[in-house]
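Novice: The structure follows.
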Amino acid sequence: MTGDHQTLTLLLCSVFVAVTLAITAWVSRTRHGSSEEFYVGGRLFSPMENGFAIAGDYASAASFLGVPGLIVLVGYDGVLYVVGFLVGWLVVLFLLAELVRNCGRFTFADVVAARMAERPVRLAAGTSSVTVCLLYLVAQMVGAGTLVALLLGRTGGAAQVWTVTGVGVLMVLYVSLGGMRATTWIQIVKAVVLLAGTLALTVLVLVRFHGDVNRLLLTAAAHSGHGDAFLAPGLRYGGDWTARLDFLSLGLALVLGTGGLPHILARFYTVPTARAARRSALWAIGLIGVFYLMTIVLGFGAAALVGPDAVRGSNAAGNTAVPLLALHLGGGPGSTTGAVLVAVVAAVALATIVAVVAGLTLSSSAAVAHDLYAALRRRDRRPRSEVAVARIAAVAVGAAAIALGLLARELNVAVLVGLAFAVAASANLPVLLYSLFWRSFTTRGAVWAVYGGLVPAVLLVVLSPVVSGSPDALFPGVDFHCFPLCNPGIASVPLGFLAGWLGTVTSAAPPDEARHAETEVRSLTGAGAA
Amino acid sequence: MARPVVGAVNVAMLAGLAQFLSAFLFAWAYARHARLRRDRAALDLRWDTQDRTRHIAGGAS
């Protein structure tokens, strides 16, 4: 890697950081400091703006760097990730977007608390939100570290530490100064930058093959070393039953997890009505779908042009496939266009990480201030301003994410994101669906549903091969794993639903029918919605 | 799944592509149904309930 292209990368990244900081400064100049302003940006975004922001919030480093890398290494099985990421949005559109918009104010715990005893429910939902956000944050931090290690041509070292710290400080600045309005605009800018960058690379790949997709696939299969098996399922998730179960588990987590991600659900509060929430989900599905279709082309393009050996040689998890593809498309190492393209890809990836991280920090600080602090503070004390608490929480979350990101920097980004999705699907989705659609759901059921999904999910992750007992685990030296699958979804999601049902039927207090009727009318019509 | 259909494109590829197309199609069909059949009813119900609560609460909501 030459000095020239490092300078250029640095320049492009500085431009993005400068633009986003300018947005933050401009937004915080006119802010009023109300919670409505800080958490949801005044609820005045248009569906199109929100759709772009959702795409910017959702398409993370795992999608842009991880998925093409997986396709290079395991062929068709890498495409399955993308399908899961998109199909999850149908769950959000059909079951959640409009109802959540009407029922809640700032966090997804509001939806549950609307018809339950407030304190225990907020405590449970706040805890699970913070857990999911932290897992997801760590994944993004690790992605940032990997990217910098690639650009500077060495692994580990001070540069990685400084980047992770820098990203952490930036996100705390955006969130605590600009709140949701700054976060949203940063995500919109990032979505445009990401889509433009991906489109440019896709067009270059297709031009290289004269628009002949057939030849692209054949070349990819020929260079993969697997032949025709590269284009069919089974390279990674074939063979024994453990691998097949692991695939089912991952698929379940991806499809159901999207609807349980606190930072995605919070985005629906930034539009004025349920109809606008639906239209922003439609925009998001269109943008995300097109983006993922392009990442598939990039993956097969990298397999055909760069080849799996070169990709594996640079990063064993495949995270560097897209930068290597850009280098090749620009004319190979040493060429000016190649250096320019790599710099563009690196800047796009860093923008991606920064925007996702800002959304996560905002939603975890909202969970701390609006749910945990509200549930735990002593009633006789004069309440401090919730926004002030949220700003302090953003700093604390940033510090925790930096520390964990440095600790976990050897882990695979896509695996970490899969774990965050699994915890979201087990702890957040059951309680949301029950409280929206089940008349006799009770407070005890809600609390049990959250902990009954959260505890098994986290426990099974700790006991899985991701943490111990395999060469690329978090603690490779020790072995206390007794759960064979990498992703806990297939066990912990049903447990979450089961615990919610069990808590409800054993509950001594009868369900509050009147409040359910009230929230049902509110969720369907928007009468009395915030 | 590995059976070729046209050139290098096999059944698995077509299934993956169909997943994308069906996701877009379902999203469009849902939005169309909601726009034509549900939005009006929800608005009417909202007027209705607010009208009733106004009579009970004396203009509160």
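Even glycines carry a Cβ here, placed using N, Cα and C.
TrEMBL annotations: computationally assigned, not manually curated.
As annotated by TrEMBL, transmembrane segment applies to A:6-27, A:52-73, A:79-100, A:121-139, A:159-177, A:189-209, A:247-269, A:281-306, A:339-368, A:388-407, A:413-434, A:446-467.
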Novice: Could you tell me whether the transmembrane segment (A:281-306) and the transmembrane segment (A:121-139) have 3+ CB pairs under 8 A, leaving out pairs under 6 positions apart?
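Specialist: No, these stretches are not in contact.
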Novice: With Cβ distances under 8 Å as the criterion, find the stretch in A:6-27, A:79-100, A:159-177, A:281-306, A:339-368 that has the most pairs with the transmembrane segment (A:189-209).
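Specialist: Comparing A:6-27, A:79-100, A:159-177, A:281-306, A:339-368 against the transmembrane segment (A:189-209), the winner is A:281-306.
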Novice: Look at every Cβ pair spanning the transmembrane segment (A:281-306) and the transmembrane segment (A:6-27), keep those 6 or more apart in sequence, and say whether at least 3 of them are under 8 Å.
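Specialist: Between the transmembrane segment (A:281-306) and the transmembrane segment (A:6-27), contact is absent.
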Novice: Quick check for me: are there 3+ Cβ pairs below 8 Å between the transmembrane segment (A:52-73) and the transmembrane segment (A:247-269), leaving out pairs under 6 residues apart?
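Specialist: Counting Cβ pairs under 8 Å (6 or more apart in sequence), the transmembrane segment (A:52-73) reaches the transmembrane segment (A:247-269), since there are 3 or more.
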Novice: Other than its close neighbours in sequence, what residues sit by the transmembrane segment (A:413-434), given a CB gap under 8 Å and a spacing of at least six beyond its ends?
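Specialist: The answer is 60-62, 65-67, 70, 81, 95-96, 100, 108, 111-112, 124-125, 128-129, 131-132, 135-136, 138-139, 142-143, 146, 249-250, 252-254, 256-262, 317, 319, 441, 445-446, 449-451, 453-454, 456-458, 461, 466, 486-489, 492-493, 495-497, 499-500, 504.
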Novice: Counting Cβ pairs under 8 Å that are 6 or more apart in sequence, does the total for the transmembrane segment (A:339-368) and the transmembrane segment (A:79-100) reach three or more?
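Specialist: With fewer than 3 qualifying Cβ pairs, these stretches do not touch.
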Novice: Counting only CB pairs under 8 A, let me know which of A:79-100, A:159-177, A:247-269 has the most with the transmembrane segment (A:6-27).
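Specialist: Going through each listed stretch, the top one turns out to be A:159-177.
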